[in-house]
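Heads up: the structure comes next, in structure tokens.
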Amino acid sequence: MDAKKGSGEPEFFSEYGDASRYEVTEVVGKGSYGVVAAAVDTHTGGRVAIKKINDVFEHISDATRILREIKLLRLLRHPDIVEIKHIMLPPSRREFRDIYIIFELMESDLHQVIKANDDLTPEHHQFFLYQLLRGMKYIHAASVFHRDLKPKNILANADCKVKICDFGLARVSFDDTPSAIFWTDYVATRWYRAPELCGSFFSKYTPAIDIWSVGCIFAEMLMGKPLFPGKNVVHQLDLMTDLLGSPSGETISRIRNEKARRYLGNMRKKPRVPFSQKFPGADPMALHLLERLLAFDPKDRPTAAEALTDPYFTGLANSEREPIAQPISKLEFEFERRKLAKDDVRELIYREILEYHPQMMQKYLRGGDQSNFLYPSGVDRFKRQFAHLEEGVAQGDKTSPQLRQHVSLPRERVVRNGDEPDPTADYCIKLHVGEQPGHSSVTDGLNKPLLSARNFLKSESIGASQCVVIKEKREKDEESMSEYMNEAADGVPHKIAQLKT
């Protein structure tokens with residue numbers, strides 16, 4: 001070991017200091033794509049979620065999806081989008097198979113919140129929707145279409161903070177991108193799919209496809225169940241027109257799919273159902289906005305920015321405090337335009353991982369080939385911890401984690417310029433007051449589960465992971481945003497209501 005230390009590799013190996021930084025405590029979720037574990041950040045004492053993605057390169061299509069999501073989550077840094085904190089450096093540049101991604105912690109997802117709570121207040125609905133639209137405003141400003149918005153892809157915590165995740169189906173729109181190529185792999189969840197996607201209705205798609213999904217999610221908050229649970233495409237269109245009425249002749253004439261055009265043209269005329277009848281007891285202003293979001297014709301839907309100016313958000317929205325992203329460079333997604341081999345995707349993912357290892361990035365850019373490491377990496381140690389804990393889970397035991405074996409002193413990760421505190425951290429609606437530090441679940445006044453810490457997504461999405469939360473103490477937020485959010489919270493004490501205790 002001493003001889004190796006003298007070879008100049010300690011500085012290289014010191015990038016693996018994060019191997020000692022995270023101590024895996026338990027496996028908390030398993031899916032077809034990997035394992036999610038809770039871990040402790042030994043530098044801060046806070047807990048994080050670590051997602052291990054197995055055999056990333058077994059299928060190139062899956063590896064490309066992971067590459068796309070890692071890249072987008074790096075480029076789209078916003079309080080309402082789930083954040084990758086770190087990615088472990090693999091032990092070999094050209095031979096690694098698994099990826100370990102460290103995420104911020106969220107307790108549950110919007111699907112579970114809606115399912116477990118039949119007494120969410122209008123204030124909850126408003127705040128959830130505001131954050132969702134604010135995140136989509138940022139995403140769309142970057143010319144990104146999410147394409148798979150649904151409650152399970154909206155993570156949530158006990159403070160009613162929500163964050164958009166699962167960008168595996170997302171695409172960046174460029175002016176010269178052929179729409180036929182752009183949308184050929186669209187397979188998003190049918191219940192939240194815009195009508196123009198149900199039958200390839202229109203030749204040019206817009207961010208309005210995401211706005212429709214936001215409307216479906218908002219309606220589900222109000223109803224407590226999905227609005228359009230279609231069994232197939234035809235049934236989906238029937239459910240839409242049952243509520244919204246038959247589309248206009250002008251809308252039908254612009255549909256490019258002949259079968260869909262003929263089906264809607266021959267459909268019996270259906271009257272529009274008043275939303276006040278479909279959603280009895282709902283806030284009239286909420287229903288007015290919902291009608292705009294669920295316009296059958298995409299040109300009639302508001303943009304996310306326009307929706308945020310709706311009177312429904314009076315006293316809450318402030319366009320000056322809503323960040324706007326710059327369009328993403330076409331070069332970032334050049335790989336979408338060519339056929340990739342397994343080694344191509346591996347190299348591209350490795351390049352993304354280096355974004356979280358600044359010193360290694362410099363060596364990489366200088367042409368230093370570090371394909372064979374002299375020391376076991378943090379990933380190697382995590383493999384042992386995961387294997388140990390998974391074995392206990394398989395046997396039904398409450399397995400204790402292996403003791404860490406320090407091979408070097410922990411070193412602080414180099415902070416990137418984009419590492420900033422969440423400017424909305426102080427603006428929250430408590431779902432429950434009195435939770436003891438360290439508890440892993442939240443209950444409402446009826447002592448029923450509110451946000452279960454065991455509701456983990458089984459998604460191939462790298463961001464679809466939830467773990468037990470012990471919210472880390474954040475540094476002071478940016479002054480302007482903090483003041484704004486505190487003013488909003490102080491100014492509407494009853495509006496930001498708590499559930500009954």
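Placed from the backbone N, Cα and C atoms, the Cβ positions cover glycine too.
Since this is a predicted model, take the numbers as computed values, not measurements.
Quick look at what Swiss-Prot annotates:
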type	residues	note
ACT_SITE	Asp148	active site, proton acceptor
BINDING	Val28, Gly29, Lys30, Gly31, Ser32, Tyr33, Gly34, Val35, Val36, Lys51	ATP binding site
MOD_RES	Thr184	phosphothreonine
MOD_RES	Tyr186	phosphotyrosine
REGION	477-501	region 'Disordered'
Distance from the residue listed as 'active site, proton acceptor' back to Ser32 (ATP binding site), taken between C-alpha atoms, in Å:
19
Could you check the recorded positions Val28, Lys30, Gly34, Val36, Asp148 and say which one's CB has the fewest neighbouring CB atoms inside 10 Å?
Lys30
State the count of C-beta atoms found within 10 angstroms of the C-beta of Ser32 (ATP binding site), not counting that atom itself.
9
Residue pair Lys30 (ATP binding site), Asp148 (active site, proton acceptor) - Cα distance, angstrom, rounded:
22
Taking DSSP as the reference, which of helix, strand or coil describes the residue listed as 'active site, proton acceptor'?
coil
Using only the residues recorded as binding ATP (Val28, Gly29, Lys30, Gly31, Ser32, Tyr33, Gly34, Val35, Val36, Lys51), report the maximum Cα-Cα distance in Å, whole number please.
14
C-alpha spacing of Asp148 (active site, proton acceptor) relative to Val28 (ATP binding site), in angstrom:
25
